[in-house]
């Protein structure tokens, strides 16, 4: 895949971001006794980008309304997607239901655009639970898109090393969470994360397994309210920095070419694991449409033609509006949303798409 052709004029800035130090967010651990941490982080000029987003969206909505009244709001469309110009947003993108769909229980602090300050390492509380988890803040977007509700049965199909699993638990809503990863060594890392951040009574609501995710429907098909399918991919940021064992190396060409098939099999397993009315979020940390939209499109076709399952693709364009201050989004995805690395907001790449089993 030639990213220069795919991203066009955006590619030089994206490439520069990939080659520079990644930016992190601090996911607060709601299970730790760390009430002092928000104040500590705010004194460093960090802010919880999730709680701030709805307020900013409402401000942009008012600005857009004022601009429309003055005849100064311009909109264009491209391939069925709204193109927002000059910071203006449309009513549909910031309607109250969209803002309220974002979990207020997940809190993640980031430094402002252009601020490259680093967070200190996490510290334990009196019971040994660490106060926050450092991760690419864009990795939280698939979890927010999944929108876990009280007592949902949730499956994290490719869960290791555990950042998204931990974020799912921070919602406090999982009736049961199945965290699966085919790699036994990676599930050991997942166990370590759970023990470092989650109290015993909450860990008891989590089942950690090492099944081949492609055959999950044969284990527990049609039983989950929400499924996260964060698939193995080319991990473009890691690959841009890594010489040894790089998946773009010639000796790994066949493995790389087989990735979309593996991703499709995992997404289909996730769809089949979901009960009717349930929802799936598919995500990668790749820029490649072959691993992103193309996999989703193929899954939609197979679900309908081979399993007679109707799938509705959910509109996530409000994420671009809510989080435009924190992330740089690609405006030309056919399906789903893509966060692009950028020197002033060096998160991602992170692709995510939400599907609902009708």
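Along the chain as shown, the residues are counted starting at 1.
Glycine is no exception: its Cβ is also placed from the backbone N, Cα and C atoms.
What TrEMBL records for this protein:
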DOMAIN    49-358  domain 'SAM-dependent MTase RsmB/NOP-type'
BINDING   158, 159, 160, 161, 162, 163, 164, 181, 212, 230  S-adenosyl-L-methionine binding site
ACT_SITE  285  active site, nucleophile
Taking residues 158, 159, 160, 161, 162, 163, 164, 181, 212, 230, which bind S-adenosyl-L-methionine in the record, the widest Cα spacing (Å, whole number): 20
Whole-number mean of pLDDT values that fall within the domain 'SAM-dependent MTase RsmB/NOP-type' (49-358): 87
Cβ-based isolation winner (fewest other Cβ atoms within 10 Å) among the binding-site residues 158, 160: 158
C-alpha spacing of residue 285 (active site, nucleophile) relative to residue 212 (S-adenosyl-L-methionine binding site), in angstrom: 20
Integer Cα-Cα distance in angstrom, residue 162 (S-adenosyl-L-methionine binding site) to the residue listed as 'active site, nucleophile': 15
Inter-residue C-alpha distance, residue 158 (S-adenosyl-L-methionine binding site) and residue 285 (active site, nucleophile) (nearest angstrom): 13
Alpha-carbon distance [residue 160 (S-adenosyl-L-methionine binding site); residue 285 (active site, nucleophile)] in Å: 14
Long-range Cβ environment of residue 164 (S-adenosyl-L-methionine binding site), under 8 Å and at least 6 residues apart: 139, 140, 142, 143, 156, 228, 230
Residue, out of the recorded positions 162, 212, 285, whose Cβ gathers the largest set of other Cβ atoms within 10 Å: 162
